[in-house]
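What TrEMBL records for this protein:
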- A:23-165: domain 'Aspartate/ornithine carbamoyltransferase carbamoyl-P binding' (DOMAIN)
- A:Arg75, A:Thr76, A:Arg125, A:His153, A:Gln156, A:Gly281, A:Pro282: carbamoyl phosphate binding site (BINDING)
- A:Lys103, A:Arg186, A:Arg240: L-aspartate binding site (BINDING)
- A:172-318: domain 'Aspartate/ornithine carbamoyltransferase Asp/Orn-binding' (DOMAIN)
Amino acid sequence: MSTPPAPTGEAPSPAATPSWTRRHLLGLEDLSAGEITAILDTADSFAEVSDRPRKKVPALQGKVVFNLFFENSTRTRTSFSLAAKRLSADVQDFAASTSSLSKGESFIDTARNIEAMGCDVMIIRHSISGAPQLLSKHVRSSVINAGDGAHEHPTQGLLDLMTIRRKKGRIEGLTVGLVGDIAHSRVARSNIWGLTKLGAKVILCGPPTLVPRGFEALGCEVAHHLDEVLPRLDVVNVLRIQFERQQKGLFPSVSEYFYFYGMTRERLERSKPDLLLLAPGPINRGVELTPEVADGPNSAILDQVTNGLAVRMAVLYLVSGRGPGASKAE
Amino acid sequence: MARAESRLFGSDELGALLDRVARQVAEGRIPGVPLLLVGIRTRGVPIADRLAALIGDGVPVGAVDITLYRDDLGLQGHWPVLKGTDIPFEVDGAEVVLVDDVLHTGRTVRAAMNAVCDLGRPARVRLAVLVDRGGHELPIRADYAGAAVAASPEERIEVRLRPIDPDDEVVRVGPAPC
């Protein structure tokens, strides 16, 4: 029975103190391995909630979560909304295209107006790198980065880590290939930070125009021939070609890209038999991978979507876990 | 840290309390209805395990983490670490006996009832505790209790159990010295 403030049912040791004290989740770059593991452990607990007949817990009752999406997104926004609803928070969507932003209001003013209505967590997606960091300096709410430019997409990185950890039982010591458009990919950056911090080896692979050598500075190996590195990989994460984010001419044609970097049955046969295949979605069937591979036994694409919900519940729970007194200190 | 401690029950006596609760649970079960023991994390779980061993009959044991159902969530600085609910059996139509170490305010039990009822519709939910120390703040009573102990609001009754703790014992922890 609980006897506030120290319930007898809980181990009172200081070791039980969670290693999460942040108000925002802006990226994986500033997180420690312990903080990333704390999110993944919490997400494992939340995965069970989605298996229940009644998929809801009262943890965030009375909290208000705003989705501020200044860039198109269907699955990430839906996933965040559902995650917030499963925690019993109230969720409000804010679509930039129909707002006063189109009348010239600044992005910070918009956020402050939203906060004046009463808001506890802002989930922001923006085409400009650093927008969530800027926002976090101007609002009292918690800010969660749902993707900023080519900078970071931390919850995608976390759900990839969660999927690897659940499928492989570990992350440390694995060799993980990120294939495709690394230069334009915030998913790649969040993956690189998360994987290297947790002790995996990361190999980036794609044409030199999409995988510049500069990425070696982040502790990765850079390769341009998929067939040479594929047999070494335990996990391959096939990134989408971001047709909307790149200028023309970075590779000669889609069919040539597919010839050199597409994941096919033939390539799978030359890989480790238990190669885990991830793709952040949306996938372009026939560009990054064949439908046969996407739907095959090595693919964990739909597990990623399921785990994404658990990861977002965990992040919403953890950033909300700071009392109002604690947040003033920042 | 220097709070006065006095031992209420030692290892043998704690074993007797467990025997007593196990007997009550076994005698109280509804014939023909599956019985499930659900320990409330943290110390309700090893107690539920021991009760199940005493009752025999392959009674299954689950664990409930009430963190997400607490009425004081957000009142502390940090939120508690989730340890997860693990009830790998149907609660629909079953008799669920919630198991905890100490019954005090009743708030943990309220949260555990909500958590279990989110998993289905049990035929009956009962409460088994090792020690009822009084001080209830909700209309919740133990159906099965090993012992009743009178304690003042400033005191804490702690049940310590192997393997979480070094020894099996129940202690009274006095108010902090002035």
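Yeah, the Cβs are placed from backbone N, Cα and C, and that goes for glycine too.
Whatever TrEMBL says is automated annotation, not expert-curated.
Annotated features taken from TrEMBL, shown on the structure.
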{"residue": "A:Arg75", "record": "carbamoyl phosphate binding site", "DSSP class": "helix"}
{"residue": "A:Arg125", "record": "carbamoyl phosphate binding site", "DSSP class": "strand"}
{"residue": "A:His153", "record": "carbamoyl phosphate binding site", "DSSP class": "coil"}
{"residue": "A:Arg186", "record": "L-aspartate binding site", "DSSP class": "helix"}
{"residue": "A:Arg240", "record": "L-aspartate binding site", "DSSP class": "coil"}
{"residue": "A:Gly281", "record": "carbamoyl phosphate binding site", "DSSP class": "coil"}
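When the binding-site residues A:Arg75, A:Thr76, A:His153, A:Gln156, A:Pro282 are screened for a C-alpha within 10 angstroms of the C-alpha of A:Arg186 (L-aspartate binding site), the residues that qualify, in sequence order, are A:His153, A:Gln156. Summary of the carbamoyl phosphate site environment: with the site residues A:Arg75, A:Thr76, A:Arg125, A:His153, A:Gln156, A:Gly281, A:Pro282 set aside, the chain residues having Cβ atoms within 8 Å of the Cβ mean position are A:Ser73, A:Ser79, A:Ala146, A:Gly147, A:Val187, A:Pro280. By neighbour count, meaning other C-beta atoms within 10 Å, the densest spot among the binding-site residues A:Thr76, A:Gln156 is A:Gln156. Taking only the Cα positions, the spacing between A:Gly281 (carbamoyl phosphate binding site) and A:Arg240 (L-aspartate binding site) is 7 angstrom. Of the recorded residues, A:Gln156 (carbamoyl phosphate binding site) and A:Arg240 (L-aspartate binding site) place their C-alpha atoms 13 Å from one another. Taking all protein chains in view, 23 other C-beta atoms sit within 10 angstroms of the C-beta of A:Arg186 (L-aspartate binding site).
Counted with DSSP, the domain 'Aspartate/ornithine carbamoyltransferase Asp/Orn-binding' (A:172-318) comes out as 60 helix, 24 strand, 63 coil.
With respect to Cβ neighbours within 10 Å, the binding-site residues A:Arg75, A:Arg125, A:Arg240 differ, and A:Arg75 shows the lowest count. If you count neighbouring Cβ atoms within 10 Å for each of the binding-site residues A:His153, A:Gly281, A:Pro282, the highest count belongs to A:His153. The separation of A:Arg240 (L-aspartate binding site) from A:Arg75 (carbamoyl phosphate binding site), Cα to Cα, is 15 Å.
If you take the CA of A:Arg240 (L-aspartate binding site) and look 10 A around it, the binding-site residues you hit from A:Arg125, A:His153, A:Pro282 are A:Pro282. According to DSSP, the secondary structure content of the domain 'Aspartate/ornithine carbamoyltransferase carbamoyl-P binding' (A:23-165) in residues is 67 helix, 27 strand, 49 coil. Taken together, the residues in the domain 'Aspartate/ornithine carbamoyltransferase carbamoyl-P binding' (A:23-165) have a mean pLDDT of 92 on the 0 to 100 scale. Among the record's carbamoyl phosphate binders, A:Arg75, A:Thr76, A:Arg125, A:His153, A:Gln156, A:Gly281, A:Pro282, no two C-alpha atoms are more than 16 Å apart, and one pair sits at exactly that spread.
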